[in-house]
Amino acid sequence: MEAETGSSVETGKKANRGTRIALVVFVGGTLVLGTILFLVSQGLLSLQAKQEYCLKPECIEAAAAILSKVNLSVDPCDNFFRFACDGWISNNPIPEDMPSYGVYPWLRHNVDLKLKELLEKSISRRRDTEAIQKAKILYSSCMNEKAIEKADAKPLLHILRHSPFRWPVLESNIGPEGVWSERKFSLLQTLATFRGQYSNSVFIRLYVSPDDKASNEHILKLDQATLSLAVREDYLDNSTEAKSYRDALYKFMVDTAVLLGANSSRAEHDMKSVLRLEIKIAEIMIPHENRTSEAMYNKMNISELSAMIPQFDWLGYIKKVIDTRLYPHLKDISPSENVVVRVPQYFKDLFRILGSERKKTIANYLVWRMVYSRIPNLSRRFQYRWLEFSRVIQGTTTLLPQWDKCVNFIESALPYVVGKMFVDVYFQEDKKEMMEELVEGVRWAFIDMLEKENEWMDAGTKRKAKEKARAVLAKVGYPEFIMNDTHVNEDLKAIKFSEADYFGNVLQTRKYLAQSDFFWLRKAVPKTEWFTNPTTVNAFYSASTNQIRFPAGELQKPFFWGTEYPRSLSYGAIGVIVGHEFTHGFDNNGRKYDKNGNLDPWWSTESEEKFKEKTKCMINQYSNYYWKKAGLNVKGKRTLGENIADNGGLREAFRAYRKWINDRRQGLEEPLLPGITFTNNQLFFLSYAHVRCNSYRPEAAREQVQIGAHSPPQFRVNGAISNFEEFQKAFNCPPNSTMNRGMDSCRLW
């Protein structure tokens, strides 16, 4: 076969590409070294006579990378984020198709480029597993823009002609079979079909996850669902921005209905009612600050839920959502089945609202949400209308390239297949060894500070905190099960993709995703396993398993620097991220879970009160940061958990780094990087800042403040380092400088 004979050509291409890369690195390194030597000769940079310098290619590369990011005209004690990041931000403007851009999105894009290359390789029946062949076919169908344009809206209209998907606003404009009937409308049937077949959660979010108070067991959970707009407050506020977003959403709903065949005046009338309904739903949603672990844990059986909220057939809904052909052992779900109802008051209010609302409006809203979720899978005329909407709410001015959209889709639809493809080529197993060094260093640092510097926690609580810290399990790179081809092939055996039917392929993946979590119901939680996509550029803490997780996608420069680079760079970047995730086990939410992952009080009352008192300092510190780009102050209470993790992680990683210097180098500092005059401690803090370099459009800035779990990047950097005396020592920041909070510094861990 032709595809089988291409391997030698591909190898040749790789060899040529490798030669070009080596040449570029050599030439680039020579230029950097030459520049450094010139600057030294001119007295503009100095090489300290008593210091050892590293002139290896890796060190020259690192020095060049740092020089390209910094702005030496800014005083690091006045604004360290600008000092560290201005150069990078200036050289990396926000792409027109993105609402924000930074080092995280930059690395995400580089991972996507690698996945694109892997997915575009011709299918080899000999080399590629069945699952990988399916991933390539799915990608090919997504890239088949000619077929997508030819299909236009036909696949969606086919769905809209059948119950329960008939859209009232379309009336008889798509044929008599598409006419909605109030008499035949069933809220339960519609909600169950959306969730069970299309993975669309509207009004109600039903899913399976570990029981917070019995973390070895899985349980059904019920929660409020999302809205059309990302920010709940945009339905409630009367600010100019919020009004413009609601207006843009309304026009988008109207135009989408018209594109699908609705009469414009009918669409305008009906969508006003739809928007009013969604505003009512936004009003009753439980805000983030009230969604505490304790408040969200309301365990009861379905019979008790039905007695509390009798307006809805909860048992009937759950049984219709779960496909018992896939899971025959779940046929016996009965009124005695336990569920965790995370938002009881929301559900009471929801069915009060729905009980007084016209069925036609409810149906229009439900189908709108299904249509909205499928717009990315339609032809260009729908994409361009979405872009007009995106201009208002995100500030983007162009669509993502089709390949980028397709890679993102395949990655979300078949994460473990794509993850294996990535890991096989781009993940080096020796990274696990260095990550173990970093994890154990952070673990030691946390316990060391707990024993030597924590004066507010009593001995009993401190003992349990150390037990939990010792029990934290680190997962690195990828879950082992993705390497089991037989297992992954079997998991996808029911899926049959066609290169000519992208929309149909999407529907298959939605059904697969819709049913996947029910696999775990009635099964024990595998505490040593993890289920994170290996290509994810992020890291995580899981309270229910007491795990910290670092996927392969995250373990790349400038986050993870190999052993051939100064350790200061890795400890400052991925090391702080390790500390950040580790500290999540002891933040305002994670601290409530014990070493086994159970929501079980293990703090003394006295220690808990002192913890809460100390958090007030951090809440006030971050709440006082005003972001001009967003026109808003940071929400210190909303971002508290992440701010605790940032501050604790920074301290832990720095202490771990200094221990590494003492243990591995007998206290001798690492060789310095040439020409940039930064000490190793300064490089540590620069590396911390560099992975958080980011810039935002005003729309994205506003959204980040409104719903982001993290503080904006500049305040993440400046907030944590201004609380840390070791930073002030490293950069000689005087007591009255902005980056030295002195006696006002906040600290928990």
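Going from the start of the chain as shown, residues are counted 1 onward.
Every residue, even glycine, has its Cβ placed from backbone N, Cα and C.
In this view, Glu581 (active site) is surrounded by 25 other Cβ atoms within 10 Å of its Cβ, with every protein chain counted. Under the heading active site, Swiss-Prot lists Glu581, citing sequence analysis as support.
Marked as active site, proton donor by Swiss-Prot on the basis of sequence analysis: Asp646. Around Asp646 (active site, proton donor), a 10 Å sphere centred on its CB holds 29 further CB atoms from the protein chains shown.
For the recorded site, Glu642 (Zn(2+) binding site), the DSSP three-state label reads helix. Every protein chain shown contributes to the tally, and the Cβ of Glu642 (Zn(2+) binding site) ends up with 19 other Cβ atoms within 10 Å. Look at Swiss-Prot and you will find His580, His584, Glu642 tagged as Zn(2+) binding site, backed by sequence analysis.
The disulfide bond annotation in Swiss-Prot covers Cys54-Cys59 (among others). Classification of Cys59 (disulfide bond) by DSSP places it within a helix. Annotation for Cys59 (disulfide bond): spatial neighbours Tyr53, Tyr565, Pro566, Pro671, Leu673, Pro674, criterion Cβ-Cβ under 8 Å with sequence separation of six or more.
Residues or ranges marked as disulfide bond in Swiss-Prot: Cys77-Cys733 (among others). Of all the Cβ atoms in the protein chains shown, 20 others lie within 10 Å of the Cβ of Cys77 (disulfide bond).
Other Cβ atoms within 10 Å of the Cβ of Cys85 (disulfide bond), summed over all protein chains shown, number 28. Marked as disulfide bond by Swiss-Prot on the basis of sequence analysis: Cys85-Cys693 (among others).
Long-range Cβ neighbours of Cys406 (disulfide bond) (same chain, at least 6 residues apart, Cβ-Cβ under 8 Å): Leu119, Tyr139, Cys142, Met143. Under the heading disulfide bond, Swiss-Prot lists Cys142-Cys406 (among others).
Non-local contacts of Cys617 (disulfide bond) by the CB criterion (under 8 A, 6+ apart in sequence, same chain) comprise Asp744, Cys746. Annotated disulfide bond per Swiss-Prot: Cys617-Cys746 (among others), in sequence order, evidence recorded as sequence analysis.
What Swiss-Prot lists as domain 'Peptidase M13' is 53-749.
Asn71 (N-linked glycosylation site) has a Cβ environment of 16 other Cβ atoms inside 10 Å. DSSP gives Asn71 (N-linked glycosylation site) a coil state; it is part of no helix or strand. According to Swiss-Prot, the feature N-linked glycosylation site maps to Asn71 (among others), an assignment based on sequence analysis.
The DSSP secondary structure for Asn238 (N-linked glycosylation site) is coil. Residues within less than 8 Å, Cβ to Cβ, of Asn238 (N-linked glycosylation site) and separated from it by at least 6 positions along the same chain comprise none. Feature annotation from Swiss-Prot assigns N-linked glycosylation site to Asn238 (among others).
Positions annotated as N-linked glycosylation site by Swiss-Prot: Asn263 (among others). All protein chains shown were included, and the count of other CB atoms within 10 Å of the CB of Asn263 (N-linked glycosylation site) stands at 15.
Among the features that Swiss-Prot reports, N-linked glycosylation site is placed at Asn290 (among others). Residues within less than 8 Å, Cβ to Cβ, of Asn290 (N-linked glycosylation site) and separated from it by at least 6 positions along the same chain comprise none.
The annotation N-linked glycosylation site is assigned in Swiss-Prot to Asn301 (among others) on the grounds of sequence analysis. Long-range C-beta contacts of Asn301 (N-linked glycosylation site), restricted to its own chain and to partners at least six residues apart, with a cutoff below 8 Å, comprise Pro335, Ser336, Glu337, Asn338, Val339.
Taken from Swiss-Prot, the feature N-linked glycosylation site covers Asn377 (among others), and the record attributes it to sequence analysis. For the recorded site, Asn377 (N-linked glycosylation site), the DSSP three-state label reads helix.
Sequence-distant neighbours of Asn484 (N-linked glycosylation site) (same chain, six or more apart, CB under 8 Å from its CB) are absent. The feature N-linked glycosylation site is assigned by Swiss-Prot to Asn484 (among others), with sequence analysis given as support.
Taken as a whole, the topological domain 'Cytoplasmic' (1-20) shows an average pLDDT of 32 in this prediction. Cβ proximity to the Zn(2+) site centre (mean Cβ of His580, His584, Glu642, cutoff 8 Å) flags the following additional same-chain residues: Tyr541, Glu581, Thr583, Asp587, Gly641, Ile644, Ala645, Asp646, Gly648, Gly649. There are 22 other Cβ atoms within 10 Å of the Cβ belonging to Cys733 (disulfide bond). His580 (Zn(2+) binding site) has Asp646 nearby among the recorded positions Cys85, Asn377, Asp646, counting only those with a Cα within 10 angstroms of its own Cα. All chains included, 8 other C-beta atoms sit within 10 angstroms of the C-beta of Asn736 (N-linked glycosylation site). Across the structure, His584 (Zn(2+) binding site) and Asp646 (active site, proton donor) are spaced 9 Å apart at their Cα atoms.
Counting other Cβ atoms within 10 Å of each Cβ, the lowest count among the disulfide-bonded residues Cys54, Cys142, Cys746 belongs to Cys54. When Cα-Cα distances from Asn736 (N-linked glycosylation site) are compared across the recorded positions Glu581, Glu642, Asp646, the shortest belongs to Asp646. Only Asn71, of the recorded positions Cys54, Asn71, Cys77, Asn377, Glu581, Cys733, have a C-alpha within 10 angstroms of the C-alpha of Cys85 (disulfide bond).
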